[in-house]
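Structure, as structure tokens:
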There are 2 protein chains.
Amino acid sequence: MTTLKPLSDLEIARNANMKPITEIAEKAQIPLDAIEQYGRYKAKIDTNQINLDPTGKIVLVTATSPTPAGEGKSTVTVGLADALKRLEQKVIVALREPSLGPVMGIKGGATGGGYAQVLPMDDINLHFTGDLHAITTANNALAALIDNHIHQGNELNIDPRRIIWKRVMDLNDRALRNVLVGLGGPTQGVPREDGFDITVASEIMAIFCLATSIEDLKLRLANVLIGYTYAKEPVFVRDLGVEGALTLLLKDAFKPNLVQTIEGTPAIIHGGPFANIAHGCNSIAATQTARKLAEIVVTEAGFGADLGAEKFMDIKSRQGGFGPDAVVIVATIRALKMHGGVAKNNLVEENVPALTVGIGNLEKHIETVRQFGVEPIVALNRFITDTEEEIQTVLHWAQKHQIRIARTNVWEEGGAGGIELANHVLEVLAQPQNFAPLYNLTDSIEQKINTIVQKVYGGKGVQFTDRARKQLEQIEKFGWDGLPICMAKTQYSLSDQPNLLGRPEGFTINVREIIPKLGAGFLVCLTGEIMTMPGLPKQPAALRMDVAEDGSAIGLF
Amino acid sequence: MTTLKPLSDLEIARNANMKPITEIAEKAQIPLDAIEQYGRYKAKIDTNQINLDPTGKIVLVTATSPTPAGEGKSTVTVGLADALKRLEQKVIVALREPSLGPVMGIKGGATGGGYAQVLPMDDINLHFTGDLHAITTANNALAALIDNHIHQGNELNIDPRRIIWKRVMDLNDRALRNVLVGLGGPTQGVPREDGFDITVASEIMAIFCLATSIEDLKLRLANVLIGYTYAKEPVFVRDLGVEGALTLLLKDAFKPNLVQTIEGTPAIIHGGPFANIAHGCNSIAATQTARKLAEIVVTEAGFGADLGAEKFMDIKSRQGGFGPDAVVIVATIRALKMHGGVAKNNLVEENVPALTVGIGNLEKHIETVRQFGVEPIVALNRFITDTEEEIQTVLHWAQKHQIRIARTNVWEEGGAGGIELANHVLEVLAQPQNFAPLYNLTDSIEQKINTIVQKVYGGKGVQFTDRARKQLEQIEKFGWDGLPICMAKTQYSLSDQPNLLGRPEGFTINVREIIPKLGAGFLVCLTGEIMTMPGLPKQPAALRMDVAEDGSAIGLF
């Protein structure tokens, strides 16, 4: 510890001694022919040139229900990988790409923190290798082609009131949630109601993350449901015949990106759906590439085990034909105190009674992971205001309930701060796990949702709005009910009410809309008030951003 | 000539033997430290590391008023550079980046053609190095920040009815021309009328192309006028305080891109405003970098001499402190016949009388260039249906009027097909020119527009709608009338009526709107029916696009 002003994440990142990406690739045994450099420290990997079997074990990092500031899940993910590397393991970390929405909005960055970061953090947080832009463009090209088809005679008889394909932007832009397009008279398109989602919620992002090859990508794009005809028959991308063009727009983006952690561990960062409004995991292409190259792949899924981890295990694992071999649940004293009822401004003060109550949230996430047949390890991630009594409270609770727990301090110490956790992970990896998804695809939609609500959220059951009920019936009528469920739910609570903290019970989840994503291969259930396009706060992070005289970034963190 | 089916541009491009971009850089004497590779065949240039004076001469390539298919202006630009290289000149070609709008719409590509192309053509035509995406993002981030400011209390008192900052997309999307945003109630933003332009019409694209340094870029972004308060006072980006964030989003894109022609000539491709709805030239950063590295820079400005070339000489040259040392006007027999009244479907047939009439269009563009004090050279660009009698008609006309003319056949022959043109260019470059912009900045707005209409378009004068007249008075009131004019006008006619071909006379230009672009430093005049967001045709080029089994592009041309 020092009394000097601590360095910011961006300053630590800038002081780091990055290795040329070719050197990282070489150490990861990626043939140099498979590497396409994007500057000195980023590269795309041509996966066709890596002819190995994906045999690496998967360590999935998830968390308790988070505070708005986050619990350092990405930081622990990176730090754990660095710790495993220090223990001489052949490890790769696989992460999602940041979205400019939260970067410009609240978060200012999403690449870990302190001495557990992926680099170059400014590039990764800004445009990186352009993948999100390619996805945005493919999404909006499809929207333009749909509206143009209608304007040019509407041969397919598409009902403009029943188009479910929305436009997207990789920004937080509340004013675009509900719009009217096609105004201005007969030469300016056909007027209709529309809306913009954030790019990470696009079905194309989900497809991009779940496709196992370029051919699979194209097939999934062809199968996207865009809306219905006036006769209420479904219309697909294949009816428009533009799956080839969309695949062309995505072909380079589909190659996973290679970067490095501060400690030189290879990191594959690819795809970035949010876990509250989408399925929340990096691409299968990235995970499988990492599994081909490394013996251990450390990967994260967004937010708590109720969101990203559930979807990792019920959606991504099913599609990819793998499962987690160990699951880490990141918890902080801060978040647990908040779940015990402490107000945001009082979190810096010691409060053991509140902490004891708040542990209930962690407990539920542990139970959830165990229901999938995998043994969880709690990472108690150090925060500067933690008191020793608070820490001991959590450790004793864990000991009493026979829960694996490790203290981590990777923000400050890098991989050295994750050794205890890494040793636990290695022990769990040495044991056989009994992973299985939580529900059967042949269950009814209502059964599947009820399973998630009861077993994962700890709630009573599900309630549908009339609209959602109608959509459910339509989905069953068309035979699309054999798909897994992608719940869109607030990350702050196990319920669909953001203020219901801790471990709530007896609540009902309200499904207000069910959207069939037939290319991605899941049914999105919008619950509570969850928005698929975030807004900016009163003081967006953008206000603090700038470029220094030497051309480097200011205000990312 | 061969009787086999000719290869497509994409096939020719794919068969070409590209050199590693590091080799191209080395030959152009770019220090390797200044090169950031984007894959094997693209790179960004860190211009801070090129400490040379910009002394290269500028050859500006323009054209007659084009047919919808284009006259091969980019093709001649590339072929001329390759011809100059064959003549042992130290030459670089500087071009604009294609927009996905026309690529997905009609054109399918914009990187030259045949054996006069820049490579890798598929990458350049798709996302290239992401510059247009960065510009789109910066533009739309500003829009989101404006709407968020209003939603969060509107401290600046911005009148939502008087916002002039529009959103953009790098697509042809007619349905977004006129939209209502902010619908859905008090938590979803403030409802207002809005519209999307295509990215190439964004003021940020213009700023990006006219800025001389990162500091200048930021200063210009700060000066962007976004709208007016309820008290009708102007509001600027600097009032929102987000010029730093916008600069950060553009900092990497601002570095010029290096690629190569089929014959290995270095090509710098950077920035891409259209010349009908924007100023139509590649970036000053690209032109000046090329002038530092080469003795001759061959560059194009969009469409005819009435659009891109006029703006090159009245806007870009003024801002950059240079002027063209030679001007090439590309003409085709096809286009001249069309200007002589031949219908599109009959252009393949010989028609000397129509050709003789249509030459009037070329004649006007020649006069225009001469008025700027530069001697033009006509490039009569070969098309397969040209007859020898038609060609001789044009050559005799040129001889009679003492006009420099050269036949080019660069599509088929590459640089070898441009040697005659290159020799003319070298002769003109050896002579002193007397370049000067056409109007003084101190002229009134109406005077400046009248000068362009009368001297460049050959029309009678200008008429303003009531709305434009009001805007003009407002601009004068605020003291913004000392800026150059950026006319937005159809490319098909010298007038603002697309069907008025040939060399029309006596017409009036109708200005329906004047938009102050204070960051770019010009006033945009929207004339006739010109649209700042194009639409897609009934059969968009996207329908023919696909990805081949080997991962390569299909359907770009």
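Numbers here mean position along the shown chain, with the first residue as 1.
Keep in mind that glycine also has a Cβ here, set from the backbone N, Cα and C atoms.
TrEMBL: automatically predicted annotations, no manual curation.
Listed in TrEMBL:
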{"type": "BINDING", "residues": "B:Thr67, B:Pro68, B:Ala69, B:Gly70, B:Glu71, B:Gly72, B:Lys73, B:Ser74", "note": "ATP binding site"}
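B:Lys73 (ATP binding site) carries a helical DSSP state (H, G or I).
The residues near the ATP site, meaning same-chain residues not in B:Thr67, B:Pro68, B:Ala69, B:Gly70, B:Glu71, B:Gly72, B:Lys73, B:Ser74 whose C-beta sits within 8 angstroms of the mean position of the site's C-beta atoms, are B:Ala63, B:Pro66, B:Thr332, B:Ala335, in sequence order. Classification of B:Pro68 (ATP binding site) by DSSP places it in coil, neither helical nor stranded. Within 10 Å of the C-beta of B:Glu71 (ATP binding site) we count 24 further C-beta atoms, all protein chains included. Sorting the binding-site residues B:Gly70, B:Gly72 by the number of other Cβ atoms within 10 Å puts B:Gly72 first. Every protein chain considered, the tally of other Cβ atoms within 10 Å of the Cβ of B:Lys73 (ATP binding site) stands at 27.
Around B:Thr67 (ATP binding site), the C-beta neighbours below 8 angstroms that are at least 6 residues distant in the chain are B:Thr332, B:Arg334, B:Ala335, B:Met338, B:Lys344, B:Leu347. Counting Cβ atoms from all protein chains shown, B:Pro68 (ATP binding site) has 12 others lying within 10 Å of its own Cβ. Counting every protein chain shown, the Cβ of B:Ala69 (ATP binding site) has 14 other Cβ atoms within 10 Å.
In sequence order, B:Leu95, B:Ala110, B:Thr111, B:Gly112, B:Gly113, B:Glu300 constitute the residues six or more apart from B:Ser74 (ATP binding site) in its chain with CB-CB distances below 8 Å.
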